[in-house]
Amino acid sequence: MESSDNSFNNNAPSDNAALNSFLAALAAQQEPHASIQFTAASQTQQFILPTAPPQRVLRSSHLLTSTQPQLAPQLAPQQQQHQQPVKKATSRQAGSKATASRSSAKSAPNRFLPSQVEQLEIMFSRNPSPEKEAMEVLGNFIGLNIDQIRKWFSRRRLKKETQEERFQLGASVTSDESGDLARINDDVNMGDVIAAADRNGSAPTAIDGALSNLIKIEDTTPPPQFSHHSEAFVASTSTVLAVGTPPLAPMTLADINFGDSNYVVKYLKFLAAAETIEEKRARIRADGYQVSNSFYKGLALLKSFKSLIFFRQWVIEAKDAGQTGLLKDVLNLLVKLPITLEGLVASKLGRAVKVVMSGGDRVDEDVKQIAKKLTTAWAALVQKSAGNSAGGENNSTKQPPPKTLAERQRTQREGEDVIATASAAKSHELLANAKKNAT
């Protein structure tokens with residue numbers, strides 16, 4: 001019995017060393033939680049050091065590094081691995097919050113005032129891609145920076161392109177969830193409306209013809225330029241077409257007040273709108289209407305002598321086309337107008353009448369007599385103007401001379417043409433009288 005006890009005591013240290021080696025190898029192969037490692041290490045220390053004071057409690061880190069240096073390299077990284085997921089989770093949460101705040105700040109749309117949007121829409125309608133300087137000026141005016149304006153224009157162009165593509169493709173959208181069909185159709189199918197009315201028992205009325213005309217108008221009218229207000233534009237256009245707009249009544253001579261010179265421009269436009277020869281003659285004669293002298297004066301002294309230039313054109317066209325009646329009516333009107341020397345120079349009426357005088361047998365004799373009367377009156381006007389110029393500056397009836405050399409030369413040529421025309425007319429008259437007396 002004693003020998004066996006002694007052998008047991010002698011083998012105790014070797015058994016302890018073997019046990020320690022076994023625990024170290026086991027700790028290297030396994031990866032338990034830190035709390036399990038701490039419990040195993042505590043039990044190991046209690047088993048190895050049974051004489052240690054129980055009141056002294058060591059922390060796991062101190063215990064591992066001081067009493068069991070062979071376990072410290074294996075257990076310390078496991079504690080770090082246990083702490084790293086917590087740190088990573090915390091940093092990941094903080095990063096996700098910061099990213100969410102930044103993304104929300106970026107994705108938050110810019111909210112503009114209605115006045116700012118109105119000014120932006122005005123510029124977009126004029127130029128969808130303005131220059132940088134234009135955007136800076138607009139930004140200073142409405143209180144926005146250039147980045148906000150640039151982003152707004154970019155989104156606005158994208159929106160317009162998308163809407164235009166949708167409009168060109170037929171603007172039809174199908175909803176898979178509700179099964180509803182939303183179709184944008186600018187043309188009104190009036191045939192379906194009339195068919196529905198017939199099914200309901202309503203008889204056709206006189207409005208059917210107006211509806212058919214409305215369909216023709218809508219079919220031949222091109223679609224409007226698509227914009228962000230297209231839906232409102234289509235709705236308003238359809239309403240206007242459905243209601244109908246009464247046509248404007250054509251202008252007549254009764255709409256012209258021949259006693260007021262303020263109606264001269266309106267009368268000239270009324271003459272220019274005439275299409276046929278009969279309309280031109282009826283409008284220029286103004287039969288049944290009393291025309292005042294102030295109206296004739298306003299017609300002769302219209303700004304830039306537009307009326308005289310207009311009548312000169314009619315004289316040339318009527319003469320070339322052989323329209324004797326219209327030519328006679330225009331010349332009779334010119335006889336009534338108080339034409340000045342400046343008007344003759346600006347309109348070159350003397351040359352046009354001279355062409356009529358030299359027409360020979362192709363021109364009616366009555367037309368020649370009216371042309372002769374005009375050339376005689378205009379020649380007297382030129383001679384009177386020349387006499388007033390020689391009379392001195394104190395003559396109150398003197399016409400102001402042209403200011404430039406070119407105008408003076410043009411006036412002189414016009415006067416010479418008028419005098420030559422009058423002389424030619426007088427020669428033709430003498431020759432005609434001589435032939436008459438000879439027969």
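Every residue gets a Cβ built from N, Cα and C, even glycine.
Pulled from TrEMBL, these are the features on record:
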type: DNA_BIND; residues: 105-164; note: DNA-binding region
type: COMPBIAS; residues: 72-84; note: compositional bias 'Low complexity'
type: COMPBIAS; residues: 94-108; note: compositional bias 'Low complexity'
type: COMPBIAS; residues: 387-398; note: compositional bias 'Polar residues'
type: COMPBIAS; residues: 405-416; note: compositional bias 'Basic and acidic residues'
type: DOMAIN; residues: 103-163; note: domain 'Homeobox'
type: REGION; residues: 72-112; note: region 'Disordered'
type: REGION; residues: 387-417; note: region 'Disordered'
For the domain 'Homeobox' (103-163), the number of residues DSSP places in helix, strand and coil:
47 helix, 0 strand, 14 coil
Per DSSP, what is the helix/strand/coil residue tally across the compositional bias 'Basic and acidic residues' (405-416)?
12 helix, 0 strand, 0 coil
Restricting to the domain 'Homeobox' (103-163), what is the model's mean pLDDT?
85
